[in-house]
Amino acid sequence: MSIPGLGQITAQQSSAPATRTVALHPFSEWRFQISPASTAACRLVAGTAERDGTELAQNKTYSLTRCRSKIVSFTGATLEVSGEFESENVKHSPTPAASPFVAYLNLHFLLQARRTQASQGGNGQGPRVMICGPAATGKSSLAKMLIGWATRQNEQPVLATVDPRDGMLALPGTLSAAVFATVMDVEDPEGGVGVGCTPSSGPSAVPVKLPVGYYFGREKVEDDEQLWKDLVRRLGSSVRAKTGGDQGVRRGGVVIDTPAVDFKKGEVKVKNEDGQQQVEQGGGVEGLMHVVREFAVNIIVVLGSPDLEAELRSRNNKSTLGEPIEIVNLDKPDGVVEQDRQYLLSSRKALIKDYFFGDSKRALSPSVQSFSFDDVVIFRAVDGLDLDDPPQVLERAEITEEMSHWTLAVMDASVNDPLETIRQAPVIGWVCVSDVDKDRRRMKILSPVSGRLTRPMVWGRWPEPYVNLLG
Amino acid sequence: MDDIGEEVAADFREALQDLSTNARFEIVTLTNIAKENANHGLAIAEVLTQHIKEAPASKTLPALYVLDSIVKNVPTPYALFFGPKLYQIFMGSYTKVDSATRRKMDEMLKTWKEPIAGSISKKPVFPPDLVRPIENALLAARNAYQDKFQSQQQHLMRGRPVGPPSRATPTPPMGRAYQPPPHGQYPPHGDQPYPMRSGNTPNGMPHRATPPSAGPHAHYQHPPPSQGPYGAPAGINIDKLKDDIQQLIQLGTAEFTQNMHDDSIKTRLGALLKLQEILQSQNLPQEQLMAINDQVAQLAVNMRAAATQPQPPPPSSYHPAALPPYNTTTHTPTPPVVVSQQFAPPAAPVAAAVAPAVQLPAVLAAALGRPASNVAPVPVAAAPPPPPRPATTGGTLSLDSILGQGALAALLAAKKPATPQQTATPVPPPAALAALRSPPQQTPPFQPPPPTQPAANPLTQNPSALLAMLRQSGLLGGTPSSAPAPIIPSLPPPDPNIITLTSASLKLPRLHLLPYLLDHLGPPCSQCGRRFPTSEEGKKKKTAHMDWHFRVHQRVAEAEQRGQHRSQFVSELDWIQSHEEPDVDYNAPSGEGEEGSESDDNDWSGGVRGGRKGGKGKKEEKKKRWIIAPDEGGVGGVGDGGAGVNKVCPICQEKFQSRYLEEVQDWVWMDAVVVGGQPGMGGGGKRVYHGSCWDEVNAGVQAGQQQQGLTLLGKGKREREEEGEEEIRGGVKRLMR
């Protein structure tokens, strides 16, 4: 019934949609987008299905929120779904051969064969795979799938992200790596690599993943290329040390997700005389080659860019370990969602919130403490406009209101360490400045754990702060 | 309190902690316990109050339903016991739960204003002067929320408790934020004598086997005998509605005078006036009143501008038909039929599916499947044990309930292992698939047509016959537990050279490899989908894995009762040396064994560098010292009103910092001692000092501190202050364990 004149006030809450059944043929995908404000549930009723390489358990109700993802079935499946979706559709593949997953699966089986070979003879070093390509070609997705599949076959591969925008098991702006030996979290909005999957003081129903991360604090590699390269080197050497010390991990190899490089033939302007000039067009490729060197990459998977493939082929073709570097270009799967800025922004916010407050599965209690300006040591990168200067170094940041709502990285270093050491130190966590009182020279800091902040903190320039976490 | 009372209370507390769904029989059981032990009512009421306060958000609603049920069935003495604390209980819960639960709470609150259904007494469940402050606070909160609604905080705050304006304090664990009642007429603690002693009072209410509040508990099997208190029609009070509208009209008029040119205000005002007219002249049926009430409530949200406490209830929170899409639907007060549709798999078949596959001791499997015992809840068990399913499925024997879910699929798959045409088998169009809703029919389309397939369809009406046929054909062994056995444990690894790293080779479908990621890995774990081979070693691993799940479920339940926080990441060296061990729990870097990972000794300076080694002993020596901040209840904390107490330590001349201490539910000064008497009494000669300053001055400067020098005195004090606080927090946690 309607009441005269009151109809214009629309209800915010739509009534809950009923449960539907989604039938997936072999090699078809169910794609969905769920807004941060709503949740949806999904249950595998029959068949097999997986998200990002991790199988769904049958008859378990998974609850999903704020994600743009897909559930794939290779053998056919029936899903029961309910909840609110921004959009969802089933993408059928007429024949398996038409599905991009065929190539991905084959790639996995090839890597698996290489792992077996490596442990049977040679140095026991599994494949180091770098995945690269232009934006929105499904790089991270493929990386997650390769990791998920390997984990299923009892491998312990390393997943490394050198794309500062992603924030794998870390906040955005961080380069990180972790060994994956256990089931990934299907319910995690980031597909099992969100910061919500990192350890907390309590138990976790899905095994947590332990990352090592280095804080870049910028959105794009070009924003501070020298630091990025330094951090890639640090990350690479940590991963090398890890694979060197652990046979299982060595066999598992490394999968590296890289920043988008949109390379077009004829636009390369590599100026060898001046390293800094490479930033212009071919800079991305140079960055990739840096990754290839630091991680001793021996397999490069290019997604959807024959030009990039050709360019990489023309470069150095021996890995750091002396093996030939194999390069392959795979088609960009259609239907990869171009992540708009708004979505990325909101998911970054959500990640930061997850870090401090936990996700739907576990509520965390961060502490808010008040510190005197003199009790904290906060550094910030010197704005290096002068390109001739040697690498930008840190300086003590002046604490102002401007710092409110920024997240600061807490570095695993001592405040008295050389600045260069602090800059390249691994991150042990983040805090969020919730309030700065300049008159009283005190600031309120939201921190996952309580206690003094004796470690140096670094104030990055990205991700941008957003409204008060404490509401 | 006597011993028996304590015992009863302890038992009650334990039972409450196991309550994770609003299963009707559990609530009834708890109600009966409360009824039978009405002479220990005060203790039980306290336990329940405490539990509601401390329970994690997910367990709050069931606990509130217990309160609701108790109060409605045993109003004497419980309504009296809960009454004074009602505001804190309700608002405290309201701040921590999500919006779906809030809607349930709104509905429950409405019933509290009504007489108990089926009772002769016309008295409401709780007197209006107890319920109204809550309603006022909620309305104010909604208004405040509405103001903020357009801002981008929306998803930030979703389901997130929002505390009082924050001060220099740690956030109370779980974000529980208790606010004093706005009118201040309720005593903060419920231990004052009550007019009626429970033991001597005969229960005025005849006990009903079916509590009137059972209607809302989702698993109630029969339609409520009377119009349940949560049922839609009962909730509307015309007078109140008229009142509300009158208020809105006043508000709207004021708004209109301020903003004459806004047409929307004008329209709305006109509509409201018309509505008022209609209400006064006509006798509208209940459902129309409901709709009007909804609209008015929303309008109120839109219009009123007052702010005390920002909370995000959805504007349409009065709408009883708005079901949230996720699991919490079990809490919904809708008729049971709806619920049963949303929870198609009842617990029993799930448990049956777990049992053969898991190959665990039956006890463990049962524990995993059924939470009703004293075991921590597991996700599978989210569906309550006595589901109304049989009624909806027509009582036929389900094949899945005999074999376990998916067992048939496994069997059929095993019969023809790993042939390329297996996955290439043409499948029926999606529409047909969607029509095949019943489990026995669900799996076959994806499997090679087995010999029995043609017969299967006519037989689905009678699964037993199908079963018999399967047995006959040798597909099925005598017992269901043999189901997963035929899966081939391992195959020779694929030839490494068949795939080369070229686009062409990678694009070639190799479906025969697919099973290496699926069936050849063995049957999946029912909890997480991880597969384990059926070999001896695999079984051992799976047992360990299931034990791990079990342990974690238990500990998750425990951990919810304490505060949790994100751990710091490990250092490079620890990361390199760490070893990922499936089914072994992660230990935080402080590394004190299994318990260590959950200890509260994990701060920024601890862990890897051992910066605080030995600090703990020192902490333990330190006696906790704090006093209630003299300015009671004032938002400004220590600010002004402190009745003659010094706000500055006479020794170091620093102001006392007040913090909120969960344990005492009040603001305190940490590391403070009173010398000469109680500060609250306002007498002269009493002074407050920093405990540490006092010690230093009185005990003389100790050798260690001498080295630090005088300049560090202040810092040292602050450090101890924090340690003292940690100590207290640790103590609280220990208490809660």
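For all residues, glycine too, the Cβ spot is worked out from N, Cα and C.
Because TrEMBL annotations are produced automatically, they should be read as predictions rather than curated entries.
Per TrEMBL, the feature ATP binding site maps to A:E29, A:R68, A:A136, A:T137, A:G138, A:K139, A:S140, A:S141. TrEMBL lists A:24-118 with the feature domain 'Clp1 N-terminal'. Marked as domain 'Clp1 P-loop' by TrEMBL: A:133-260, A:282-357. For A:364-464, the entry in TrEMBL reads domain 'Clp1 C-terminal'.
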Tell me the Cβ contacts of A:R68 (ATP binding site) under 8 Å, same chain only and six or more apart in sequence, or just say none. A:F32, A:Q33, A:I34, A:V337, A:Q339, A:Y343
Going by DSSP, give the three-state secondary structure for A:R68 (ATP binding site). strand
According to DSSP, collapsed to three classes, what secondary structure does A:E29 (ATP binding site) have? strand
Same-chain residues at least 6 apart in sequence whose Cβ lies under 8 Å from A:E29 (ATP binding site): A:K70, A:I71, A:V72, A:S73, A:V90, A:K91
Between the two most separated Cα atoms in A:E29, A:R68, A:A136, A:T137, A:G138, A:K139, A:S140, A:S141, the residues recorded as binding ATP, what distance in Å do you get? 18
With H, G and I counted as helix, E and B as strand and the rest as coil, say where DSSP puts A:K139 (ATP binding site). helix
With Cβ-Cβ distance below 8 Å and at least 6 positions apart along the chain, what are the contacts of A:G138 (ATP binding site)? List them in sequence order. A:P100, A:L303, A:K332, A:P333, A:V336
If you run through the domain 'Clp1 P-loop' (A:282-357) with DSSP, how many residues end up as helix, strand and coil? 38 helix, 12 strand, 26 coil
Provide the three-state DSSP residue tally for the domain 'Clp1 P-loop' (A:133-260): helix first, then strand, then coil. 48 helix, 20 strand, 60 coil
List the helix, strand and coil residue totals of the domain 'Clp1 C-terminal' (A:364-464) as derived from DSSP. 11 helix, 39 strand, 51 coil
Residues satisfying Cβ distance under 8 Å from A:A136 (ATP binding site), sequence separation of at least 6: A:A260, A:V336, A:V337, A:E338, A:Q339
State the count of C-beta atoms found within 10 angstroms of the C-beta of A:K139 (ATP binding site), not counting that atom itself. 29
In sequence order, which same-chain residues at least six apart have a C-beta under 8 angstroms from A:S141 (ATP binding site)? A:D52, A:G191, A:V336
Reported mean pLDDT - the domain 'Clp1 P-loop' (A:133-260): 92
